[in-house]
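What TrEMBL records for A:85-299 is domain 'ABC transmembrane type-1'. Per TrEMBL, the feature region 'Disordered' maps to A:1-22. What TrEMBL records for A:30-50, A:89-112, A:119-139, A:175-198, A:281-300 is transmembrane segment.
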Amino acid sequence: MATLTEAPPPLSPTAPEKKPPRRRGRFTPYWLLLPGILWLLVFFALPMIYQASTSVQTGSLETGYKVTWHFATYWDALADYWPQFLRSILYAGAATILCLVLGYPLAYLIAFRAGRWRNLIMVLVIAPFFTSFLIRTLAWKTILADGGPVVGALNSLHVLDVTSWLGWTTGDRVLATPLAVVCGLTYNFLPFMILPLYTSLERIDGRLHEAAGDLYAKPVTTFRKVTFPLSMPGVVSGTLLTFIPAAGDYVNAELLGSTDTRMIGNVIQTQFLRILDYPTAAALSFILMAAILLMVTFYIRKSGTEDLV
Amino acid sequence: MEQYEPDRLSPAQVAAMRRSFRSGRAAMTRRSLLRASAGGAFAVGGLGALSACGIPAAGNTQGGVSAEDHSAKEKTVNFSNWTEYIDVDESEKHHPTLDQFKKQTGISVKYTEDINDNVEFFGKIKPQLAAGQDTGRDIIVLTDWLAARLIRLGWVQKLDASNLPHAYANLSQQFREPDWDPGRAYSYVWQGISTVIAYNKKALDGQEVKSISDLLDNTKLKGRVGFLSEMRDSIGMTLLDMGKDPAHFTADDYDAAIARLQKAVDKGQIRRFTGNDYTSDLTSGDFAACVAWAGDVVQLKADSPDIDFIIPESGYMTSTDNMLIPNKARHKTNAERLIDFYYQPKPAAELAAYINYVSPVDGVKPELAKLDPDAANNPLIIPDKAMAAKSHAFRSLSAKEETAFEEKFAKLTGA
């Protein structure tokens, strides 16, 4: 399949053979890597080690914290907060699927059908990033206000009766329900889905579509057998870019949710800042990281795109 | 943003009006809007303590740790405060009271609005204070329970009373003897904050709200009631409603209050626990009634006639934001002089005319009446006798209690 993606190489006059330059700086690549490695070391590896150490410490602010290899913190944290873990994965999964469903047609449109509007639509996709994440999320509170037109319309169409029955909303409101949180997540992470999808769709050679047509494939078949498989790298990186931050997000649940929609990010935040239980907060962060890592590995294996990520 | 401003108003009224269009003491950000702080704190804290692989004990140094006082040589003081918590002039660049302070004393103030949230700010300064380093700040303003924690940890310095003649003379009786800092050895009040019940008349739709019980039990308000994510405010108001005194309650009383709120959460009566963002829920009518901070409500009222507040028969909670001098501050004397400055009635009145919180200064009323007669008669800004009698403070908690109580409260709010 990989061969299909490559357009036939243009015929070029064979370049005159150059002598390989004398290998002067054998270590040059390593010197070039140094800033990046230092950065990773200082801002990723060290905090990570510190966090790992924190998670197996016991103590209090007054007496100080000592490493006691108290691994039970992990089990206690998991036993206490598994509902929030599950909820985070559920909400992030739902938001990712929604993003894909909403984002794919748009990315397809931009890549193949937008013509001279392409740049404008791209700007519109990115435009929300010009305002802060918080402001964007708060705007949803105005849009979905109980007395607002959106909720009014959903009510008169009896949509909220259905979502209430499904347990996504409560009564005749949208705010402070799971639906609002998932909508907020979807909205906030949608561009992260659209951009990678667009990049991989845009790379598809239009002649492949023509070729599929020549072979009597209906448009649906063309999409199923040619376009979609070729856009898989975009689908995989888009879903990862959406799912991973969404699973750790706490702003949407805080502002648009209620007591029964708190996600694991909220728990970590409360544990760290409010209860000052640093070990539990660190352990929860590690569990979240491990869970996401596991799921992502499994997902990449399953989608057979190891070479793409 | 262009706004209509009638020209018949006094400068103070215009200021109050303009302020009401923006967030009050950081209406949007104050308590709950959490920057990505947890991660950052991990990263910053990580480096300092990695060598020890563990966090050193807070080491209770009674009286705090002073550094060499550079006040005489460096005529400056670094003042960290909450956003939108001081007077601002027309150009929005100068703070008139701070300019006056400079005129009076020759000390210039480096004023920074870098406090948005108590717990978040604690996370920010903790690494330095725990390591016994200068935070670069000479005055910080923290809510009483956090001020109490810093005093308990020995992270703030004892004040020199001889530099604080006005503060000593003019601090109102109500704030003199908090159980966490009797006699105000370490802290002086910047402003007091009253916690009351706010409501939106339109959204109430004829229902009456007079007490916390109405919020919790009136089924007509189901799903349209808000409480604060600040544990002491929500639990304090509930305790008062149950006839308990928040200044002397037991662990059982606390559990009973939690159970009372839990019942309302389970029934779907309480919509959310909010930080300062309740203001938008209240104006939009998503909250028909909620527990609220009076300073915000004064401002909301100016904007929208539907919004009002009541003080429950059982009383209301008052907390304070306090000025403290952290350990190793370079300009302790200058800081004390600034604290003292704000306890003169005139600057205190100018401050009170601009921000609508409870002024802690006795003798501010006649001065405030000259600037803004309405504010001077507003019991939320200058409490009268009847108001002051209903005011209650939350008792200070031991470290153990604090953890246990916060944990229970976190479970209540969904963890």
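Placed from the backbone N, Cα and C atoms, the Cβ positions cover glycine too.
It should be emphasised that the depicted structure is a prediction, and the values quoted were computed from it without experimental measurement.
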Field: Intrachain residues whose Cβ lies under 8 Å of the transmembrane segment (A:175-198), provided they are six or more past its termini
entry: 91-92, 94-96, 98-100, 102-104, 106-108, 110-111, 122, 125-126, 128-129, 133, 136-137, 140-141, 144-146, 163, 167-169, 231, 233-235, 237-239, 241-242, 245-246, 249, 252-253, 255-258, 260-261, 263
- request: Determine which residues of the chain contact the transmembrane segment (A:89-112) at the Cβ level, with the cut-off under 8 Å and only residues 6 or more beyond its ends counted.
  value: 118, 121-122, 125, 178, 181-182, 185-186, 189-190, 192-194, 197-198, 201-202, 204, 206, 227, 234-235, 238-239, 242-243, 246-247, 249, 253, 261, 263, 291, 295
Tertiary contacts of the transmembrane segment (A:30-50), as residues 6+ beyond its ends and Cβ separation under 8 Å: none
